[in-house]
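Features as listed in Swiss-Prot:
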- 34-221: domain 'FAD-binding PCMH-type' (DOMAIN)
- Arg179: active site (ACT_SITE)
- Ser228: active site, proton donor (ACT_SITE)
- Glu298: active site (ACT_SITE)
Amino acid sequence: MTAHSLIDAIRAAAPDLRGRLLENQSLADLTWFRVGGPAQVLFSPADEADLSAFLAALDPSVPVTVIGLGSNLIVRDGGIPGVTIRLGGKAFGSVEIDGETIRSGTAVPDMRLAKAAAEASLDGLAFFRGIPGSVGGALRMNAGAHGGETTDVLVEVRGIDRKGEVHRFTHAEMGFRYRHSSAPDDVIFTGATFRGRPGDREAIEAEMERVTAAREAAQPIRERTGGSTFKNPEGGKAWQLIDAAGCRGLIRGGAQVSEMHCNFLINRGGATAADIEGLGEEVRRRVREHSGFELHWEIKRIGVEASPA
């Protein structure tokens, strides 16, 4: 089915949709690597009710992919077939605080969540200042940094399944472990409730400044990068294993292993998604051969490879 006919079918099934539907929309500008092919159809729902109606009407055979800020993501050069959903706007991008309870939309950047908590003198969420993604991504992978993880402060998650039905997941039902949650893959997270603890605003903001300084000193944040590439294996640190295998500065096409922090891949300019993913696989191979450790991707890779020329 072509993008145009898919959109026609969606509009026929859900004529009252209020969100934006775009066909063959480039995704490169929506990822931090600035690479990747187009979304066959990109949908940005107006609010939760709009998303629910869309999913309820969508043919279940049409694949659905969800993206956030694109900071921990490689979109392959052939693009993403089916429907890609990107949440945004006030409906998914607001933060509300009531006492020690923080309610956030899943399109909220993690750094803004940390700032909002600090402004309310709520401690425990400063680590989010060091995570360059959105709340939705943090929920999906139990994101963490600088000694804190999402699981430490989460109370409840709200989401919608492929049938358009709304669900709530308790902390226990999320099944968090290191860089992973056990929530159903077909659920799109729309909101989350966190709990902070009373603290001193100046001390919290000082901790956030420390997190920011540590990140700027150790990570290539001014480069086009997707963030931390591989999970730390049990008994080792990914960057040390990569360095020991001689991969610091390794180049493939327009992609390079960062000289500054070798668990980061960067787009030097003109890289393709295949360059970046291929470089990552070469790093995995060299680490395996050098130390026996198997590195697993932390960066999510989605879409299809480009067709041969």
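Each residue, glycine too, has its Cβ placed from N, Cα and C.
A map of Swiss-Prot features onto the structure.
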residue: Arg179; record: active site; DSSP (3 states): coil
residue: Ser228; record: active site, proton donor; DSSP (3 states): strand
residue: Glu298; record: active site; DSSP (3 states): coil
Inset, instruction - Tell me the Cβ contacts of the residue listed as 'active site, proton donor' under 8 Å, same chain only and six or more apart in sequence, or just say none. - result: Asn72, Ala238, Asn263, Phe264, Glu298, Ile299
Inset, instruction - Restricting attention to the domain 'FAD-binding PCMH-type' (34-221), give the mean pLDDT. - result: 97
Legend entry - Cβ neighbour count (within 10 Å, all chains shown) around Glu298 (active site): 18
Inset, instruction - Tell me the Cβ contacts of Arg179 (active site) under 8 Å, same chain only and six or more apart in sequence, or just say none. - result: Met141, Asn142, Ala143, Gly144, Lys231, Glu298
